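Visitor: Sharing a structure below in structure tokens format, with a few things to ask.
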Amino acid sequence: MTDLRLAPAALTVWAAAAIAVGARPAPVLVASAVCAVLLAALLCLDRRRAVRRSRSGGTTAGARPGAVGGAALLLVGCLTAVLVSAGAQLASRSTAGLDGLARTGATATVTATVRSGVVPRTNPWSGAADQHEVRVELRGLEARGVRTTTRGPLTVVGAGQGWADVRYGGLVTATGRLGVQGDRTVLRVDAAPRTVRAPPVLLRAVESMRSDLLAATDPLDAQARGLVPGVAIGDTTRLDDDLDDAMRTTSLTHVTAVSGGHFAIVVACVAGTCVALRAPRWARVGITALATAGFVLLVHPEPSVVRAAAMGAVGLAGLALGRPSRAITALSAAVVVLVVADPWLARSYGFVLSVAATAGLALGAAPLARALAAWCGRVLAHAIALPVAAQAACAPVLVLLDPSVSAYAVPANLLAAPALAPATLLGVLATLVAPSAPGTATVVAWLAGRCTWWIATVARFFADLPGARLPWPGGWGGLVLLAALTATAVGLCAWLRRRSGAPQVDMSTGRRPRPVVLLAAALVLGLVLGGLHAARTVRDRGGVPGDWVVVACDVGQGDALVLRSGPGSAVVVDVGPAGDAASRCLDLLGVRRVDLLVLSHFHADHVGGLEPVLAGRTVQRALVTGARDPVHQADQTLAALDAARVPVEVPEPGESGTVGPGSVRWQVLQVGAQGQEANDASIALRVEVEGVDVVALGDLEDAGQGALAATLDAPGGVAAVDVVKVAHHGSSVQSDRLARLLSPSVALVSSGENTYGHPTDRALDLYRSGGATVLRTDLCGPVVLVVRGDELGVAGCP
């Protein structure tokens, strides 16, 4: 029977940490104090009961004194520990001012220890791999003339020479601009870091082994150069983009994300060798522990790696004590220890997926294998059960990252699985021998490459099939829908087995039960297909087509532009004047999450509707102009964003990124600075969504439009685009040069009843003469653009 006694404590710790790290230090510390008082009260109560029992001479038969009290003590004790840890770390960051500095985009010089390999990042617009990303652990920072010593995680995004040479474990300093991305604090730098101290000797040796493996794979074919280091040590820097996309489409990315499966392969090999050599138990435990620690160093302690190592440590402790641990108990203990040590793990998708996959295997693989064994044999039953159980557990979480379902994930994983173990072991062996015998390492890596060739072939084959990736609702609604569908399918299978009286399959005899398994499988398939059909059927909402791409909301004399970034999510540029017009527009479009909010400038007709937009929605990130003009409106806007816990930053010209499932790209073309006139300080933004290139010009006047035209006309500037949100509601101040450079197919004019004469004939004629279709919110109401086939179309405007 599965031992779930530690599971409630693990889930409680996880939930508490996920909530706490998004809160301010004070309420978390207060909650930890309350829990500490409750823990003390429970301890006193338990002690009094123990004394009372001892005086009465024992307990009645069958009772287990303190069992319920022990469970409560464990739960409250773990909750207290995680809240104290989270509160202390939040307070440390707050005292050092890191959160405040990041939210205001302060320039800082940081001293930090490198905690990951350097990952090249492709500029989403230029296509050049001229950026690098690396995770570091802060040791100190200097900003605004104040130097503080602080600890905490930080992600450095660098453009410039020198970042590729940064080594894991080294101490570096770098200067850049702090910011916030979701739960991450980031530092954007434009210059190379300065190395203060080289990594320790052991880490230098590990990095040398990793580099030697890359050198050993240089003579191999492209898939082997990318996959062998990925499978062995988690290094995916040389993985081809097309192969990476194919593996994502078929849910095979776990092959290169070193986690529990890789640890199981390595540990099984080491432990099996020890057993074959008849090593005593203490020697087996010691050697396996050393192998586990060495593998952690080799692959770097990513969240999934740390979880797997901690779970393995629990298992080794049980082996050393002669009490082999159970999977869920070990997993729960690992979650508690790791989340208490680092509460931010609770929000790490890698950690969540790793735990979900392990729990799915522990709880679902064996029952599923027993159900399947009677009609397909034990070996095939286990081969099918493992990927199905893991995929069923991970799929609901994956829709948060990518609102789609991999149609062929199970057969792809089933076919690729036999090649993973030999590829991993051969890759690790090549890594170990590479420093001393490069030629031998190349031969071993070539053998590993034959295994990865099969994995790559499977990924590409299934990725090229029709319907390889099916759309699914995103966000928490999509997660709940898929989880409910999975639970319903599992429950239906169990009910059908009981209803039919199907016997428990003896895995050693292979007796075949009634065809209930086939019937259940058919019903499950029907449920899945029905769910997919329901997910793909999008009904019109209030006359707005479900396949809208860009919408200029009708907010009167103001701006509010919405660009779809996923199911229920969008990029929003400005929120219109005071009132709920922008919020009602987002409701009409079904937008519950704003992946990126851009407030072009602080005039009331662009930011007045902010509070209704923030109410009831999640805003991941906000970009604002550097010119706080008018001051009272800027202060009010920033206060509202701060109250809603929205990360705010002033972007740099040229700053870019992606949102949603990675399909929506944005780039800041121009941004104003303090001292500029408010309109000319507007953020000019470029966004590409579903192949539609959109430029929003805010309220740029003559000087701002002229400066932007000069930038775009330079080498490497923006060519013609599909859609332009015309500057300043179609005022008479329009740059002929800018309109000619942008040459849009559609010109959106957002205006309402006003005394300024907006939009002017000059603005309308300027864009019409360039071949644009001019669409006005004062005449059309909400202007809705759609993409059907490869054509940009207009809906919602007569």
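Cβ coordinates come from backbone N, Cα and C, glycine included.
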Visitor: For the annotation transmembrane segment in TrEMBL, which listed range does it cover: 328-345, 706-723?
Guide: 328-345
Visitor: Against which stretches of its own chain does the transmembrane segment (28-45) lie, if we need a Cβ under 8 Å and a gap of at least six residues from its ends?
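Guide: For the transmembrane segment (28-45), the list is 20, 69, 72-73, 76-77, 79-80, 83-84, 86-88, 90-91.
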Visitor: As a test: from 257-277, 328-345, 379-401, 441-463, 475-496, pick the stretch that has the greatest number of Cβ pairs under 8 Å with the transmembrane segment (66-88).
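Guide: Ranking 257-277, 328-345, 379-401, 441-463, 475-496 by Cβ pairs under 8 Å to the transmembrane segment (66-88) puts 328-345 first.
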Visitor: Can you tell me which parts of the same chain pack against the transmembrane segment (379-401), counting only residues 6+ beyond its ends and a CB-CB cutoff under 8 A?
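Guide: Distant contacts of the transmembrane segment (379-401): 251, 254, 349, 352-353, 356-357, 359-361, 363-366, 368-373, 409-410, 413-414, 417, 472-476, 478-480, 482-483, 486, 490, 661.
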